[in-house]
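Notes follow once the structure below has been shown.
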Amino acid sequence: MSVMVARKKVVRKWEKLPGRNTFCCDGRIMMARQKGIFYLTLFLILGTCALFFAFECRYLAVQLSPAIPVFAAVLFLFAMATLLRTSFSDPGVIPRALPDEAAFIEMEIEATNGTVPQGQRPPPRIKNFQINNQIVKLKYCYTCKIFRPPRASHCSICDNCVERFDHHCPWVGNCVGKRNYRYFYLFILSLSLLTIYIFTFNIVYVALKSLKIGFLNTLKETPGTYPSISLTVLTVLEVLICFFTLWSVVGLTGFHTFLVALNQTTNEDIKGSWTGKNRVQNPYSHGNIVKNCCEVLCGPLPPSVLDRRGILQQEESTAQEGSCPQGPGTQEPPATQGPGQAQEAHSILSLQVSAPSVSDTEMPEEKQRTPGELPVPSLDAGRAGH
C-alpha cells in the first residue's frame with residue numbers, strides 16, 4: 001500500500017514578486033532585467049583603471065610620489081563599492097495591494113465618487129494630502145492598485161512603484177529611489193573625481209616623458225612586455241575615455257548636487273512640480289542647503305518593505321511504498337496517480353480504514369442470513385417506503 005506523506009517546500013517571497021526585476025543570491029541582490037549597459041559601465045571603469053595602474057602609476061610613483069597610486073586605488077574602490085551598492089539594492093519598491101486590499105480601495109473609491117453614468121468618464125482617482133501647510137496630490141496606480149505615497153512614481157521599465165522615485169538609470173542597472181539615492185550620488189561624485197584624477201596624471205605622464213626623451217620619442221616608446229603596442233597609444237586611449245566621461249559624469253554630478261541642495265528629485269524637476277506656472281513652493285525643502293543635504297545624504301535609511309527573503313511554505317505530497325495489511329473493504333489505489341488524485345485516494349483510504357467494515361459474522365442474530373437467502377426488508381424500511 002502506498003502512503004502519502006506531505007512535505008513542506010520552502011519558497012521565498014522574491015520568487016513570487018511581480019514586476020520586471022531579476023534576483024540573485026537567494027533574493028539578496030535585486031536589479032532590473034536590462035543589465036547590458038551596466039556591464040558596459042563595469043568594463044569602462046575596470047579597463048581604464050587597469051591601464052592606469054599597469055603603466056602610468058608605476059612611473060609616476062617613482063618620479064613624483066608613491067601616494068599617487070594609493071589615492072587612485074582609494075577612489076577606485078570607493079566608486080566600485082557605491083556602484084555595486086546602488087545596483088544591487090532595493091531602491092524603495094512599494095508592494096502591490098493584495099486582492100482584499102484592492103477590493104476595499106475600489107469600494108472606498110466608489111463610495112466617494114458615487115455612481116458614474118454610462119458613457120461618462122469617471123473622475124480622476126486622487127487624494128489630497130497636506131504637507132507643511134501645502135496640498136499634495138496622491139495619485140492612484142492602476143497597476144499596483146494603491147494610492148502612491150508622496151513623491152512616489154511608477155517605473156515603466158521595472159514595472160514597480162518606487163518611493164521617492166528619482167529616475168531609472170540604465171548605467172547602474174536599477175531604479176534610483178529613496179533607499180539608494182545617496183549611494184548613487186556618492187558613486188557619480190567619486191567617479192567624477194577618479195576621472196579627473198586619471199585624466200590629469202595621464203597628461204602629466206606624457207609631459208614628463210616628453211621633457212626627458214622628447215615628444216616624438218615618447219610617441220614611439222613601447223612597454224617591454226608588449227613591444228607591438230605603443231605605450232602612448234594606451235595613454236591616449238585612457239585620455240579619450242576620461243575626456244568624454246568628464247562631460248557626462250561631471251555634468252551629471254553638478255546637476256544632482258543642485259537637486260540635493262533643493263531637496264528635489266529628477267522626476268519633480270522634469271515635470272516642473274515646484275517651478276511651474278503656479279509657482280508652488282517645494283514643501284519638502286527646509287529652506288537651508290545644509291539641512292537639505294543632511295536629510296538626503298545623511299538621514300536615516302528606511303528598511304525594505306518587500307521582505308524579499310521571507311518564507312512562503314507550500315505543501316508537496318509524495319508517495320512512499322510500505323507493507324500495511326488491508327481490510328476487507330479497502331482497495332489499493334492505482335500505481336500511477338497525479339498529485340491531486342493521490343491526495344484524494346489517500347483521504348478516501350483514511351476514511352475507509354477509520355470505519356471498519358462489518359462482516360456477516362458480526363451482524364446481530366436476527367439479521368444473519370444464509371448464503372443463498374435473499375435479504376428481507378424490515379418493518380421500518382417498509383413504513384419508510386409507504
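Backbone N, Cα and C define each Cβ position, glycine as well.
Per TrEMBL, the feature compositional bias 'Polar residues' maps to 349-360.
If you look up TrEMBL, you'll see 137-271 marked as domain 'Palmitoyltransferase DHHC'.
The region 'Disordered' annotation in TrEMBL covers 315-386.
With a threshold of 8 Å between CB atoms, the same-chain residues lying at least 6 positions outside the transmembrane segment (37-55) that come near it are 31, 69, 72-73, 76, 79-80, 83, 87, 170-173, 191, 194, 198, 201-202, 223, 231, 234-235, 237-238, 241-242, 245. Summarising the annotation, TrEMBL assigns transmembrane segment to 37-55 (among others).
The transmembrane segment annotation in TrEMBL covers 67-84 (among others). Listed by sequence, the residues of this chain that lie at least six past the ends of the transmembrane segment (67-84) yet keep a Cβ under 8 A from its Cβ atoms are 41-42, 45, 49, 52-53, 57-58, 60-61, 172, 183-184, 186-187, 190-191, 193-194, 197-198, 201.
Packing against the transmembrane segment (183-208) from elsewhere in the chain are residues 45, 48-49, 52, 56, 59-60, 63-64, 68, 71-72, 75-76, 78-79, 82-83, 85-86, 89, 166, 169, 172, 176, 215, 218, 232, 235, 238-239, 242-243, 245-246, 249-250, 252-253, 256, 260, 296-297: each is 6 or more residues past its ends and has a CB under 8 Å from a CB in it. Per TrEMBL, transmembrane segment is recorded for 183-208 (among others).
The feature transmembrane segment is assigned by TrEMBL to 228-250 (among others).
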Exercise. Per DSSP, what is the residue count of the domain 'Palmitoyltransferase DHHC' (137-271) in each of helix, strand and coil?
Worked result: 77 helix, 19 strand, 39 coil
